[in-house]
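Undergrad: Encoded as structure tokens, here's the structure I'll be asking about.
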Amino acid sequence: MFFACYCALRTNVKKYRYQDEDAPHDHSLPRLTHEVRGPELVHVSEKNLSQIENVHGYVLQSHISPLKASPAPIIVNTDTLDTIPYVNGTEIEYEFEEITLERGNSGLGFSIAGGTDNPHIGDDPGIFITKIIPGGAAAEDGRLRVNDCILRVNEVDVSEVSHSKAVEALKEAGSIVRLYVRRRRPILETVVEIKLFKGPKGLGFSIAGGVGNQHIPGDNSIYVTKIIDGGAAQKDGRLQVGDRLLMVNNYSLEEVTHEEAVAILKNTSEVVYLKVGKPTTIYMTDPYGPPDITHSYSPPMENHLLSGNNGTLEYKTSLPPISPGRYSPIPKHMLVDDDYTRPPEPVYSTVNKLCDKPASPRHYSPVECDKSFLLSAPYSHYHLGLLPDSEMTSHSQHSTATRQPSMTLQRAVSLEGEPRKVVLHKGSTGLGFNIVGGEDGEGIFVSFILAGGPADLSGELQRGDQILSVNGIDLRGASHEQAAAALKGAGQTVTIIAQYQPEDYARFEAKIHDLREQMMNHSMSSGSGSLRTNQKRSLYVRAMFDYDKSKDSGLPSQGLSFKYGDILHVINASDDEWWQARRVMLEGDSEEMGVIPSKRRVERKERARLKTVKFNAKPGVIDSKGSFNDKRKKSFIFSRKFPFYKNKEQSEQETSDPERGQEDLILSYEPVTRQEINYTRPVIILGPMKDRINDDLISEFPDKFGSCVPHTTRPKRDYEVDGRDYHFVISREQMEKDIQEHKFIEAGQYNDNLYGTSVQSVRFVAERGKHCILDVSGNAIKRLQVAQLYPIAIFIKPRSLEPLMEMNKRLTEEQAKKTYDRAIKLEQEFGEYFTAIVQGDTLEDIYNQCKLVIEEQSGPFIWIPSKEKL
């Protein structure tokens, strides 16, 4: 039969091993890693501000809660700096202002970040305004702006102090607070006209703003928020993120709604005339501009409970409001519905419109956010709601009617020391809060309130509350596990006795902080430097396994199912157990967001499963389910044109020692980055029925699929043509040298002649617009990746023996069993390199799935492995 006839050839064959075959796979590709640490937000009341600041020595951003403004007159100080900084040869001009605010019961109404111990922008040690709280003293006064730098608080110089010193200066400034601030001078606008030709990908940009949907508070203009790769705007090159759209053809976009602007743009013809307003100067290397978030930087975001158009409640995440003279990052969720093309993935922008209007926010309400700094500590968490810092939205528009959270800071303070009864009704997100504690009898504390969850909507719980009892079960001395079990098993209606204990909670935080510091010191002293922080991370990964949320009983809230090969946008990877993510579709991020198991959780559970499997398995029996962690020594697998086999001795050695060469690697998620390619991707199909699939693709689509010409040292026969049948190599030594230099993706020897498929042969086909069908082993996948010819690698995974025998009726049951086992081993060996795994009960079903995968993965934008660490 098919396989048996080649077994007789084994003794005549020897294999060329590449030097890197036995080395661990590190995807030796040219990749960049961008790990830019972004600021974090802590929302606290004025009363316990100093306590939490003492605990959070590493906090990057603090909240000064809102109150009323003073009627103090405006005092403008026009002093200038002694030395004017230069950027790209241009002077950066600043203006200075002294602003007097009257503090009320809750604070000054703005947030700050920065300091000498944790600079907010570049290496600048200044204290910067990061948010103006609506309704607060600063907002009502109207002069303080986001990105203003505070130089002095009353008579205290804070131009070069630590973050905690600045907070202390603000806290102790008294009821009348004089702020001396520095800001960039507003940049004027230049009007230009741009002519665009739509083309197949449309105009290629996204917009935000409009009447009732202001992108910049107080400004009804329509702004460009994204330039899409391959679209008309990108090809033209003049339209930029941050440009203000003034006119489309003969239609003015001044004082129009968001919907009207969208309709005007969508109803244009092939030629579109735009009139746009541009900043006169953009400092491309401005040290005071925020870091590039195109890669892994995550700006501080806050959850807002919004009222949707259909009357239902939804969540929306907003960035700190944009100030004049500043660049502002634009989050993807603001760009979903109004793209005029189908972008393959969300692209984040860092340049925004610069205007001279005050930037105090008017349409956003703060929601208390847990910094989740405990997530990396050696204390377990029980998540009753979604993880903090979520991005949840179902509309691209930026503003709808906001709903004030019912829990106010003033009320939180008044609840201190009073045990109180809280009745909650579980919703789709559980109870909507997280707990920590339960070690050494320290108590169970609320560490996070999910915006819009039952706890938040009730307004009766807050961060720092100690849970005394749940449905009559005393939790004052309970362990974390006991508290989690009590909450999880409490039914739909849960009665909680809680007591606000800020001092106890602060001591608990301090304890965790000390433990983290000890862990950090130990990690650094041991040289590992691998201690992971709790900072919110955003990245893209490729799933290396199937996940069904309905089968995971441990989900803390709404889960997200996915398949092997799916690209996931991980919005928050700060938690050790659960990540927040969306699937990345062809048109961008999916609206559906949920939690997925973290890399750590996946690997831990799989190792536990494998231990059980090995414990229960009989000696010498291989798990037929084929767990995805098995990794064996790489070997050449049969190719119809090149039968590259191991020699008999090698085969017997590996058969007798099945665990030899196995690496303890569990496939969970692979970090990826998006890349544009200018070639047609090669196609490698592995698994049963691959030959028939390959033949059908070339037969049905000869204009889209082809094969490359292999090399050989075998003498040319009379009927053969050099360059058509083979590239006939005269010098065996030269071909051996080329093999050693990795110029071949696969090579071997048969009857004393060398055969091989060269990278150049594959590239020749790929650059001529055809998918090169390759009948090679899984080893070739990585070698093509190294050559930056990223193949579409599809693995056909049989469901069971029956479909195999049905699709190939010549197979006996024994042969089908061997084919099935070979497929499982193939997945174990090369699973990390597959683009997709397909399954089907019929050949037609498998063929159609393969065609769909190839169509979706053809490019020009593809996801490739990156070196970012998980």
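Glycine too: its Cβ is placed from the backbone N, Cα and C atoms.
If you look up Swiss-Prot, you'll see 98-184 marked as domain 'PDZ 1'. The domain 'PDZ 2' annotation in Swiss-Prot covers 193-279 and is backed by sequence analysis. Residues or ranges marked as domain 'PDZ 3' in Swiss-Prot: 421-501. Among the features that Swiss-Prot reports, domain 'SH3' is placed at 536-606, with the record citing sequence analysis. Residues annotated as domain 'Guanylate kinase-like' in Swiss-Prot: 680-855. The annotation S-palmitoyl cysteine is assigned in Swiss-Prot to C5, C7. The phosphoserine annotation in Swiss-Prot covers S28, S65, S307, S328, S360, S365, S414, S528, S553, S635 (among others). Among the features that Swiss-Prot reports, phosphotyrosine is placed at Y58, Y755 (among others).
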Undergrad: Rounded to the nearest Å, what's the C-alpha distance separating S553 (phosphoserine) and Y755 (phosphotyrosine)? Just drop the number here, would you?
TA: 52
Undergrad: Considering the modified residues S553, Y755, which residue's Cβ sits among the greatest number of other Cβ atoms within 10 Å?
TA: Y755
Undergrad: I'm a bit unsure how to read this: which one of 98-184, 193-279, 536-606 has the highest number of Cβ pairs shorter than 8 Å with the domain 'PDZ 3' (421-501)?
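TA: Per the Cβ count, the answer is 536-606.
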Undergrad: As a test of reading the model: what is the averaged pLDDT for the domain 'PDZ 2' (193-279)?
TA: 85
Undergrad: Using DSSP, would you call Y755 (phosphotyrosine) helix, strand or coil?
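TA: Assignment for Y755 (phosphotyrosine) reads strand.
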Undergrad: DSSP-wise, what's the residue breakdown of the domain 'PDZ 3' (421-501) into helix, strand and coil?
TA: 14 helix, 34 strand, 33 coil
Undergrad: According to DSSP, how is the domain 'SH3' (536-606) divided among helix, strand and coil residues?
TA: 11 helix, 32 strand, 28 coil
Undergrad: Per DSSP, what is the residue count of the domain 'PDZ 1' (98-184) in each of helix, strand and coil?
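TA: Within the domain 'PDZ 1' (98-184) the tally stands at 14 helix, 34 strand, 39 coil.
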Undergrad: Kindly report the helix/strand/coil residue split of the domain 'PDZ 2' (193-279) according to DSSP, in that order.
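TA: Across the domain 'PDZ 2' (193-279), DSSP assigns the residues as follows: 14 helix, 36 strand, 37 coil.
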